[in-house]
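Now, the feature entries from TrEMBL:
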- Gly119, Thr120, Asn121, Gly122, Lys123, Thr124, Thr125: ATP binding site (BINDING)
- Arg390, Asp414, Asn415, Pro416, Arg417, Gly465, Glu469: meso-2,6-diaminopimelate binding site (BINDING)
- 28-103: domain 'Mur ligase N-terminal catalytic' (DOMAIN)
- 117-319: domain 'Mur ligase central' (DOMAIN)
- 341-467: domain 'Mur ligase C-terminal' (DOMAIN)
- Lys229: N6-carboxylysine (MOD_RES)
- 414-417: motif 'Meso-diaminopimelate recognition motif' (MOTIF)
Amino acid sequence: MGAFLQTLPLKLLLPEIQLPDAVAELVISSITLDSRMATAGSLFFAVQGSQANGQAFMAQAFTAGALVALTDAEAGVVTCEFDHGWIIAIPNLAANISEIAARFYGLPGQELKVIGVTGTNGKTTCTQLLGRLYHALGERVAVLGTLGYGAIGSSLTDTGMTTPDAVQTQRILRDLRQRHVRHLAMEVSSHALVQHRVTAVPMQTAVFTNLTRDHLDFHGDMESYGNAKLNLFRQLGIVRGVINLDDPFAVTIQNQITNIPLITYGIKSSGADVVATEVNYHDAGIQALISTPWGKGELRSHLLGEFNLSNLLAVVATACSEGFTLVEVLAAVATLEPVPGRMQRIDVKADVQVIVDYAHTPDALRAVLSAARLHCKGRLWSVFGCGGDRDSGKRAEMAKISAALADCSVVTSDNPRTEDPQAIIENILTGFNPGDTYSANPDRKSAIGQVIAEAKTSDLIVLAGKGHEDYQIIGTTKYPFSDIAIARAALVQRMGGGT
Ligand SMILES: CC(=O)N[C@H]1[C@@H](OP(=O)(O)OP(=O)(O)OC[C@H]2O[C@@H](n3ccc(=O)[nH]c3=O)[C@H](O)[C@@H]2O)O[C@H](CO)[C@@H](O)[C@@H]1O[C@H](C)C(=O)N[C@@H](C)C(=O)N[C@H](CCC(=O)O)C(=O)O
Ligand SMILES: Nc1ncnc2c1ncn2[C@@H]1O[C@H](COP(=O)(O)OP(=O)(O)OP(=O)(O)O)[C@@H](O)[C@H]1O
């Protein structure tokens, strides 16, 4: 990210607070949520986290040169001198960080047309497709999400998050503005909505893909999870929503969000505004007729599977509602390639096919196996695992789905983190019945190699869970690991090419 040399007096960051003159004129040269990033002239947000209270790190921030620490207060505002810096208490600090950060970075969101995409699955796919579509339509567009951020056409910068924290998000918006980006398609995770990471990001269009079981370790129950998603439709500056009518949660959105137009899309819902009919899933992709408020047309795509048709409908509905014509949108859709690690067919000519996909939730596994079945002439293999230190309720459920939809299931590791990999596998195995065809191997590389060696001609192997990820987290260490590279090597070896 380019150097940002702007400095601002504190009074411009906290205009609603009466500050003593000496404090009001303090010149702030950087802002941060992490004391370890504080430098001379910093403002440090000392917030309560899930593990620690940022107030414990104020001394560290001041030692590093921070001038001010903002803390939370039940009511009222107090300021007091502390060692070498000032502590200013602000009611509901967490909810205000985004706006303070926006001020510091020059309100970058006001000059961007932002599309926010939320949903359990499909955020990355939709934002990437939107980015590429707008690029194909001649717009200066960027993406921000699990794959990183950056203008389409340049390489993406990783943030380690789907939606970065409130400060980093505003810094990224400013960076994109400096690169003359006009549109941004960003993923908005439910964590981000709960933690106010995007509060001061004005959004023109909010897209909802679906709501299925995930992240219950964080949200507690499905109702709280759904409520988090609803907040995207109450976002600053919101003009319209685009929602998937095939998902039952769409009705809740329609009932709760009545102040903006909601454009609906669907494959199964004939009453949707944007609807696909006469769908043909063939070897090279999808073909369908689509009917929209902007006219009818034929959709052709290289993407695979029903859920990708759903994602494409979201993209078409968004682009057309933002003013592009259906004809130009459908022409651009036909040029879109699969998103890395999402239904990505491994490009080695072989007698078996391997698809790498990021499906790591029960619903995504169901979707990817159903989609793959349409393209499979032999047996369908499903290789999957479940992450450690995360929602364990989905483990047995994923085994049931794999057993129901694939011919052979292979259970392996997928970021076991600090849990015992074998214990996670044992949890997953409880979902199989005695008649199911399954095996287990905690070593993911060896599991993939074994399946690719054992598969028979015309079989199709789905490697689910890691997608584009280039690591495996075991304990607290990230080891280099790529399903794509391992599958390529194993396919080459199968075809007699050696590795
Ligand atoms: C559960 C969760 O969301 N945690 C986020 C949260 O951390 P936390 O509340 O645990 O922070 P903490 O460790 O208690 O520390 C409290 C505060 O003290 C600060 N601190 C801490 C240590 C120190 O030495 N100095 C210091 O200043 C921290 O920066 C923090 O502000 O606030 C941090 C700073 O903003 C985030 O980095 C962190 O995300 C962690 C890394 C994370 O993994 N989050 C995941 C669950 C997440 O948000 N994922 C979603 C995608 C989900 C999906 O769809 O798959 C995402 O949007 O990425
Ligand atoms: N619309 C959809 N409905 C159901 N499953 C989907 C949909 N789109 C993609 N998937 C499946 O979910 C997986 C994750 O897709 P994607 O990365 O686009 O979602 P995401 O919402 O960004 O997920 P995450 O937040 O976990 O990164 C894909 O690999 C695919 O298997």
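The backbone N, Cα and C atoms fix where each Cβ goes, glycine too.
Structure with TrEMBL features highlighted.
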{"residue": "Thr120", "record": "ATP binding site", "DSSP class": "coil"}
{"residue": "Thr125", "record": "ATP binding site", "DSSP class": "helix"}
{"residue": "Lys229", "record": "N6-carboxylysine", "DSSP class": "helix"}
{"residue": "Arg390", "record": "meso-2,6-diaminopimelate binding site", "DSSP class": "coil"}
{"residue": "Asn415", "record": "meso-2,6-diaminopimelate binding site", "DSSP class": "coil"}
{"residue": "Glu469", "record": "meso-2,6-diaminopimelate binding site", "DSSP class": "coil"}
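For ligand 2, none of the recorded positions lies close by, meaning a CB under 6 A from one of its atoms; the full candidate list was Lys229, Asn415, Arg417, Gly465, Glu469. By a simple count of nearby Cβ atoms, those within 10 Å, the most crowded of the binding-site residues Lys123, Arg417 is Lys123. The closest partner of Thr125 (ATP binding site) among the recorded positions, by CA position, is Lys229; the full candidate set was Lys229, Asn415, Arg417. When pLDDT is averaged over the motif 'Meso-diaminopimelate recognition motif' (414-417), the result is 97. Distance between Cα atoms for Gly119 (ATP binding site) and Gly465 (meso-2,6-diaminopimelate binding site): 17 Å, as a whole number.
Annotated pair Arg417 (meso-2,6-diaminopimelate binding site) and Gly122 (ATP binding site), C-alpha to C-alpha distance, rounded: 24 Å. Between the C-alpha atoms of Asp414 (meso-2,6-diaminopimelate binding site) and Lys123 (ATP binding site), the distance comes to 20 Å.
Fewest other C-beta atoms within 10 Å: among the recorded positions Lys229, Arg390, that description fits Arg390.
For Asn415 (meso-2,6-diaminopimelate binding site), the same-chain residues 6+ apart in sequence whose C-beta sits under 8 angstroms from its C-beta are Gly387, Gly388, Gln472, Ile473, Ile474. Nearest Cα neighbour of Arg390 (meso-2,6-diaminopimelate binding site) among the listed recorded positions (Thr120, Lys123, Thr124, Lys229): Thr120. When the neighbouring Cβ atoms lying within 10 Å are counted for each of the binding-site residues (Thr120, Asn121, Thr124, Thr125), the highest count belongs to Thr125. Taking Cβ-Cβ distances under 8 Å and a sequence gap of 6 or more within the same chain, the neighbours of Glu469 (meso-2,6-diaminopimelate binding site) are Gly341, Tyr358, Phe481, Ser482, Asp483. In this structure, the C-alpha atom of Pro416 (meso-2,6-diaminopimelate binding site) lies 24 angstrom from that of Lys123 (ATP binding site).
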